[in-house]
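Here the structure is laid out as structure tokens; the discussion comes afterwards.
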């Protein structure tokens, strides 16, 4: 078998994986719309109440789960290449921390409970603010990628400390709201909130198309520059795109951990490291994972709903450990 045939077979394998994951996402989405306290059968006509339940409650929730999962997974895959660290995720640069901090400050600063739109704008503003702080420090001090990672960790610790102070001084009602949001939830998703997905979608598509530059960055900054990549400009474009996606994700569903870390790493262990295929596959896999997690969050308890962040951690951690053990045994 010649080299050209090997490349062709590899491309077909990636394309087959994309088709399989797309089918899985469609099946999970169908199940997501059907199940709940009221079962909606696709084989019979729906009443007015069932149509309203489907269109106004379940469909917005499905879109939120899929968009958040895709955004976090692609952001994680990009950061892991950009920083050269498999432990990198959207929270590692302090971007998620900035979004959560802004929402907490809005919750306690305003005399009345903020509207969902105010929460969304606050989360996006917080993530962008922390990104601009990061960019300003890095440009002033001419930071390398490794030092950029350390600055992001420091910003994340700072935001976490302030949120902890908010916990300490909050009353019972505010504390419950804050706790539930920090654990991640899309139970209140509505079409009104999905104006933010109009911002997420083009950024997500653009990021999924950056596979070839990221493949060159994996060779190192010097080699990437020799291959025609403006590393400095590309780095900040990617960070700004990630900040928008993460801010919108936090605004829609709170802090949902583990997706950006586990999904790209699992796909690399299973299928390889070509980012031109890995990024769109991460988007589909991340969307499918969060849709599946939300199905479990709604069905596991009869009288209550589990936080989505708890579900993603419960699903992702055992799979991640199993894949690491399998990879080690195969060596």
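We number each residue from 1, going along the chain as drawn.
Glycine is no exception: its Cβ is also placed from the backbone N, Cα and C atoms.
Record features, source Swiss-Prot:
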TRANSMEM  20-42  transmembrane segment
TRANSMEM  62-84  transmembrane segment
TRANSMEM  91-113  transmembrane segment
TRANSMEM  118-140  transmembrane segment
TRANSMEM  147-169  transmembrane segment
TRANSMEM  189-208  transmembrane segment
TRANSMEM  240-262  transmembrane segment
TRANSMEM  277-299  transmembrane segment
TRANSMEM  306-325  transmembrane segment
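By the Cβ criterion (under 8 Å, sequence separation of 6 or more), the transmembrane segment (91-113) is not in contact with the transmembrane segment (20-42), since fewer than 3 such pairs are found. In this chain, the transmembrane segment (20-42) touches the transmembrane segment (277-299); three or more CB pairs sit within less than 8 A of each other, excluding pairs fewer than 6 residues apart. Highest Cβ contact count with the transmembrane segment (189-208) among the listed stretches 20-42, 62-84, 118-140, 306-325 falls to 62-84 (criterion: pairs under 8 Å).
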